[in-house]
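As given in Swiss-Prot:
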BINDING   G94, N125  anthranilate 1 binding site
BINDING   G94, 97-98, T102, 104-107, 122-130, S134  5-phospho-alpha-D-ribose 1-diphosphate binding site
BINDING   S106, E240  Mg(2+) 1 binding site
BINDING   R180  anthranilate 2 binding site
BINDING   D239, E240  Mg(2+) 2 binding site
Amino acid sequence: MIKKAIARVVEREDLSQSEMIQVMDQIMSGEATPAQIAAFITALRMKGETVAEIAGAARVMRDRATRIRVGKNVLDLDRDDINIDLETILDVVGTGGDGTNTFNISTTVSFVVAACGVKVAKHGNRSVSSACGSADVVEALGISLEVTPETVENCINEAGIGFLYAPALHGAMKFAIGPRKEIGIRTIFNILGPLTNPAGAPCQVLGVYREELVEKLAHVLKNLGCRRGFVVYGMDGMDEITLTTETRMAEVTPEEVKAWLFKPEDLGFARCTMDDLRGGDAVANAVTVRGILEGEKGPKRDVVLINAAFGLVAAGRAANPAEGVKLAVEALDSGAALAKLEKLKALTNA
């Protein structure tokens, strides 16, 4: 199948979702050769990936991931019988690769949202293009990545937050590692990670590194059964909701995708400069994250609040972003968000 798919994609023909599933099955089972994988993902990048192609690939990755159980059930985005009140779980994640070198905003947001009573399955990896990926800062904060899936499950169930280290839970990705490194360009795999949370998080805030991906990935999330989510791109290049300028956003519900341009002033926040949000290496960013959780004020705290607000809306904890900001402020000022960090640290090192 993959040889035929390469020939078609080279001619700029789109694949159906079922055809993409067949190709990805070959890639992730080890049937496709490294040369075939490299040729296919390069041709796909040159043609441009469609919603159906991305969704098909994401379904295969999800099916082959080590599943993380929350409560009594494995959450599955394909299920029609999800009780959203009992099983709401959120992921706040970016594609990475935006090149802005900010501190780890979505990781900080995860602790804040968890402190507001939302179960968080934070899916992440080491750095792609910055000095510090989410896994790097989590490790620098003293949270162990060398844990079993059962420990991750226990963290989410007991602490309300767990870190899902992508390489440990997506074993079938090993067949694509070599070709990806050797060709050295962005491919479909750069956007699949945030779409393939092993806990099946039905609520999501997803940051992307290109504006044209906002509505495309919003439609992918809808295709995959997302209950509610936001896809965001800061017009300064950030794969987060930014405070330096406007943010292109798309809200996802089972019924529709709605896009708009969000301004920080809409929620009463002052704009800042990119330098105000810059990060450093893992150790420096860990100091920043802990400082915010301990109550330090400033633009870094503000950008966490604004991103947490939309996470709380996505999870149904807040009726609107303004209410979300109030809840996030309380989570930080009360020490509840810091307590989530300490609890997760303790559970992963027990």
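Each Cβ is built from the backbone N, Cα and C atoms, and glycine gets one as well.
Predicted, not measured: the structure shown is a model, and the values here were computed from it.
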Whole-Å Cα distance, S106 (5-phospho-alpha-D-ribose 1-diphosphate binding site) to G94 (anthranilate 1 binding site), is 7
Simplified DSSP label at the residue listed as 'anthranilate 2 binding site' comes out helix
Could you list the residues of the same chain, at least six apart in sequence, whose Cβ is under 8 A from the Cβ of H123 (5-phospho-alpha-D-ribose 1-diphosphate binding site)?
D91, V93, L164, A166, G193, P194, T196, N197, P198, A199, A201
Note: in the chain of N125 (anthranilate 1 binding site), residues six or more apart in sequence with C-beta under 8 angstroms of its C-beta are G96, G133, S134, A135, Y165, A166, P167, G193
Within 10 Å of E240 (Mg(2+) 1 binding site) (Cα to Cα), which of the binding-site residues G94, R126, R180 do you find?
G94
Of the binding-site residues listed here (G94, R180, D239), which is spatially closest to T102 (5-phospho-alpha-D-ribose 1-diphosphate binding site) when Cα positions are compared?
D239
Taking 10 A as the limit, how many CB atoms besides its own sit near the CB of D239 (Mg(2+) 2 binding site)?
27
Using Cα coordinates, what distance in whole Å links D239 (Mg(2+) 2 binding site) and G94 (anthranilate 1 binding site)?
6
